[in-house]
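*Asks:* Sharing a structure, written as structure tokens. Questions coming.
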Amino acid sequence: MRIISRQIVLLFSGFWGLAMGAFPSSVQIGGLFIRNTDQEYTAFRLAIFLHNTSPNASEAPFNLVPHVDNIETANSFAVTNAFCSQYSRGVFAIFGLYDKRSVHTLTSFCSALHISLITPSFPTEGESQFVLQLRPSLRGALLSLLDHYEWNCFVFLYDTDRGYSILQAIMEKAGQNGWHVSAICVENFNDVSYRQLLEELDRRQEKKFVIDCEIERLQNILEQIVSVGKHVKGYHYIIANLGFKDISLERFIHGGANVTGFQLVDFNTPMVIKLMDRWKKLDQREYPGSETPPKYTSALTYDGVLVMAETFRSLRRQKIDISRRGNAGDCLANPAAPWGQGIDMERTLKQVRIQGLTGNVQFDHYGRRVNYTMDVFELKSTGPRKVGYWNDMDKLVLIQDVPTLGNDTAAIENRTVVVTTIMESPYVMYKKNHEMFEGNDKYEGYCVDLASEIAKHIGIKYKIAIVPDGKYGARDADTKIWNGMVGELVYGKAEIAIAPLTITLVREEVIDFSKPFMSLGISIMIKKPQKSKPGVFSFLDPLAYEIWMCIVFAYIGVSVVLFLVSRFSPYEWHTEEPEDGKEGPSDQPPNEFGIFNSLWFSLGAFMQQGCDISPRSLSGRIVGGVWWFFTLIIISSYTANLAAFLTVERMVSPIESAEDLAKQTEIAYGTLDSGSTKEFFRRSKIAVYEKMWTYMRSAEPSVFTRTTAEGVARVRKSKGKFAFLLESTMNEYIEQRKPCDTMKVGGNLDSKGYGVATPKGSSLGNAVNLAVLKLNEPGLLDKLKNKWWYDKGECGSGGGDSKDKTSALSLSNVAGVFYILVGGLGLAMLVALIEFCYKSRAEAKRMKLTFSEAIRNKARLSITGSVGENGRVLTPDCPKAVHAGTAIRQSSGLAVIASDLP
């Protein structure tokens, strides 16, 4: 039964083969793939698989059987061997890719053996009968675009990988229209060469570029353009490539440069959408390259399989017998033995017209694409956007740009904006228990609060990202690459920078800044000097040494003048006549103001204690009055200053200004290694700052620090031998943090501001700027600063421990007063002892007593107040007989009480 069934099938196949011109059920096709074409090979396999598994028998009455070889184009023998291998297998047509090294070998074999080659590679310059070019030519579209932009001076960057067809067309047009074109071959350029070239072109004010390179080299050129910051507003790039959406242009979106290009594949057509659904389901391990959308070369590969399948269907309908290709033979035979049906195959291929992924696929007599349409795209803030199209009939047709409704941030409302910042207290810090939080909740600080307020005003979602290298942003002098937060913006890794980022000219050239949210200047930080210990006689500090000397001389002078006027004025003399019935002179001295009483009067008035005597004459009272007025002013001034001098412990700073730093050598000083402060000194033309920059640049060890925290730590550990130059806001903040051992000295060296940064030309720029202005008007920015600088300060308003401790007096503040008191008491006792001994000696001589007996009598008198047997007080110095009566008036400060003596 099985044998009968097989015979029936064979018989039916034979009749079917006779009816259809003996067309084979399995069609052998070749595939030649070069390096870095994994995705194209995946598209090739997928197209064959979908054809062979098509449920429509009329669409796929035969199977395509591929024979694939991977070739190394640098080895011409390997290319020849691969082609001959395909030929010996009896393939009817070959799908293959080539480069400039293998194109001539493959096209020569195809022409000699009449084997058709369907290729998505760049179009050949000559006429190759058996080569079908799937890739359309860009010449017409590019020239139309240049005419539209009216470019007459631009740079044309090209390589020779794709030949010289576009270069030749541009140079011919330039000659006709008088264009000035700088054509530069970049085939052998490396990264450094690219950057040097771009810098040179920038010096020549070249802002317009046409780039005609294959995708790998093109991507590298674009990266170097970004690295040197030439992807910002003012630059315009036309990319001569058919896969505008295949190119990574995210960084150009943030930069703001105008980028124009061409797109062959329309991802909105039903056929492409259907294929994309199938493409996404491919196993990435089995189908390499399927993790990304198909490139235009992959779409051309897919269309190439469709062209071959349609060709074989057409041959089948025409009943052309291709079942026997003849003797495969040796492809290197001399003379060559071409395939007899090769002409039919080539003719049918060129007659094919299908709708593929790349639109209408049709060829002319030379195997080149005709009647195709390519879209023109421009890079907008929202990404690539179609602005027109080009075809052979209509040429360049531009679509009127539809204005974007809503605010500038409408395009980003549905995604999260990356906000780059730097870990710097008090701007951005980790919370104490940050491990318990995720995302933005891990951080706190001034800039964290500011970011939240800005996001509320412009209505966006954001994610805080700490800059990896911990730098603010500077441009490397050698590589021309930006680092830090500026680099994050320039190279498209972030969209907003909210940090203590200084607004400078060099930064403004590559990024945009908002209005300043904080004003500041460069200041000097030093280690806080030890507070000077108050001197023993610190109570003398309120008045200068010269004033004290003048007071002493004034005191002596006033006393002498008072003595003299009292001597010369008759009203100071008190000579009185004896009363009636009394004899002898009065006990009252003739003049009270002797030299010692004058000194005593002046001292009492100066001490504001007064005296028992006072001038009676007008001249004496004038002297006393002016002396009292003088002492009133001096004592009041002294008292007013005394409190401040006793309660404030002064610090003597070795540095008070930048000039002090520049003219000394003991104290080193430096800045952050990357930032605006260093740039300020590097560019300054002021002599003092130039001198400081010369020192900092050549100092060993280096005085530049990687972070602000490192600089502060160096100040604290240097024992006063290192000064750190940084922004005044940070200086003031650190001064308020424990251990409270740093201080700001002198004024600010310049005036500048911190701004919120966005990429050049970003749609966020205007919205962020308005948000900062709105926050500033009600004083919210000042409120935020007070919150993080002073409300959370740890050193008090004066930078010390607290107000109470600062105003409290210690013993050292008034020790001198106690010393004077003790000294005065000691001096008084010493004088009393001298007087005691002197009087005892005089008493011994007068009373004919020994000195020791006189001492004992005086001591007994001093202790008991009596030396007599019955307790009477003996006063040997008093007169023996005194008139009885009432107490005699005081004279010369001595009062004597007279009483009846026995």
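Cβ coordinates come from backbone N, Cα and C, glycine included.
Pulled these features from Swiss-Prot for this protein:
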SIGNAL    1-20  signal peptide
TOPO_DOM  22-544  topological domain 'Extracellular'
CARBOHYD  Asn52  N-linked glycosylation site
CARBOHYD  Asn56  N-linked glycosylation site
DISULFID  Cys84-Cys331  disulfide bond
CARBOHYD  Asn258  N-linked glycosylation site
CARBOHYD  Asn371  N-linked glycosylation site
CARBOHYD  Asn407  N-linked glycosylation site
CARBOHYD  Asn414  N-linked glycosylation site
BINDING   Pro500, Thr502, Arg507, Ser676, Thr677, Glu727  L-glutamate binding site
TRANSMEM  545-565  transmembrane segment
TOPO_DOM  566-592  topological domain 'Cytoplasmic'
INTRAMEM  593-608  intramembrane segment
TOPO_DOM  612-617  topological domain 'Cytoplasmic'
TRANSMEM  618-638  transmembrane segment
TOPO_DOM  639-813  topological domain 'Extracellular'
DISULFID  Cys740-Cys795  disulfide bond
TRANSMEM  814-834  transmembrane segment
TOPO_DOM  835-902  topological domain 'Cytoplasmic'
MOD_RES   Ser862  phosphoserine
*Asks:* Taking residues 6+ outside the transmembrane segment (545-565), which of them lie with a CB under 8 Å of any CB in it?
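*Replies:* For the transmembrane segment (545-565), the list is 572, 593-595, 598-599, 601-603, 606, 615, 617, 619-620, 623-624, 627, 630, 634.
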*Asks:* What residues elsewhere in the chain lie close to the intramembrane segment (593-608), defined as a C-beta under 8 angstroms and at least 6 residues from its ends?
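*Replies:* 551, 555, 558-560, 562-563, 566-567, 572, 614-615, 620, 624, 627-628, 631, 635, 892-893.
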*Asks:* Compute the mean position of the Cβ atoms of Pro500, Thr502, Arg507, Ser676, Thr677, Glu727, which form the recorded L-glutamate site, and then list in sequence order the other residues of that chain whose Cβ is within 8 Å of it.
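*Replies:* Going along the sequence, the neighbours appear as Tyr472, Leu501, Ile503, Thr504, Gly675, Lys752, Tyr754.
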*Asks:* Same-chain Cβ contacts of the topological domain 'Cytoplasmic' (612-617) under 8 Å, 6 or more residues past its ends?
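*Replies:* For the topological domain 'Cytoplasmic' (612-617), the nonlocal Cβ contacts are 562, 565-566, 569-572, 592-593, 597, 601, 623-624, 890, 893.
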*Asks:* How big is the Cα-to-Cα gap, in Å, between Asn56 (N-linked glycosylation site) and Asn371 (N-linked glycosylation site)?
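*Replies:* Computed Cα spacing between Asn56 (N-linked glycosylation site) and Asn371 (N-linked glycosylation site) is 29 Å.
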*Asks:* Of the residues in the topological domain 'Cytoplasmic' (612-617), how many are helix, strand and coil by DSSP?
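*Replies:* So the topological domain 'Cytoplasmic' (612-617) is made up of 0 helix, 0 strand, 6 coil.
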*Asks:* Do any residues of this chain, six or more beyond the ends of the transmembrane segment (618-638), have a C-beta under 8 angstroms from a C-beta of it, and if so which?
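*Replies:* Beyond its ends, the transmembrane segment (618-638) has Cβ neighbours at 542-543, 547, 551, 554, 558, 561-562, 565-566, 568-569, 571-572, 593, 601-602, 605-606, 608.
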*Asks:* Determine, from DSSP, whether Glu727 (L-glutamate binding site) sits in helix, strand or coil.
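*Replies:* In three-state terms, Glu727 (L-glutamate binding site) counts as strand.
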*Asks:* Among Asn371, Ser676, the recorded positions in question, whose Cβ has the most other Cβ atoms within 10 Å in this structure?
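*Replies:* Counting every other Cβ within 10 Å of each candidate, the maximum falls on Ser676.
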*Asks:* How does the model score the topological domain 'Cytoplasmic' (612-617) in terms of mean pLDDT?
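*Replies:* Value for the topological domain 'Cytoplasmic' (612-617), mean pLDDT as a whole number: 80.
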*Asks:* Just to verify: the residue among Asn258, Thr502 with the fewest other Cβ atoms within 10 Å, which of the recorded positions is it?
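*Replies:* Comparing Cβ neighbours within 10 Å for the recorded positions Asn258, Thr502, Asn258 has the fewest.
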*Asks:* Helix, strand or coil by DSSP: which one applies to Thr502 (L-glutamate binding site)?
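*Replies:* Once the DSSP labels are grouped into three classes, Thr502 (L-glutamate binding site) ends up as strand.
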*Asks:* On the Cα atoms of Pro500, Thr502, Arg507, Ser676, Thr677, Glu727, which are listed as binding L-glutamate, what is the maximum pairwise distance in Å?
*Replies:* 17
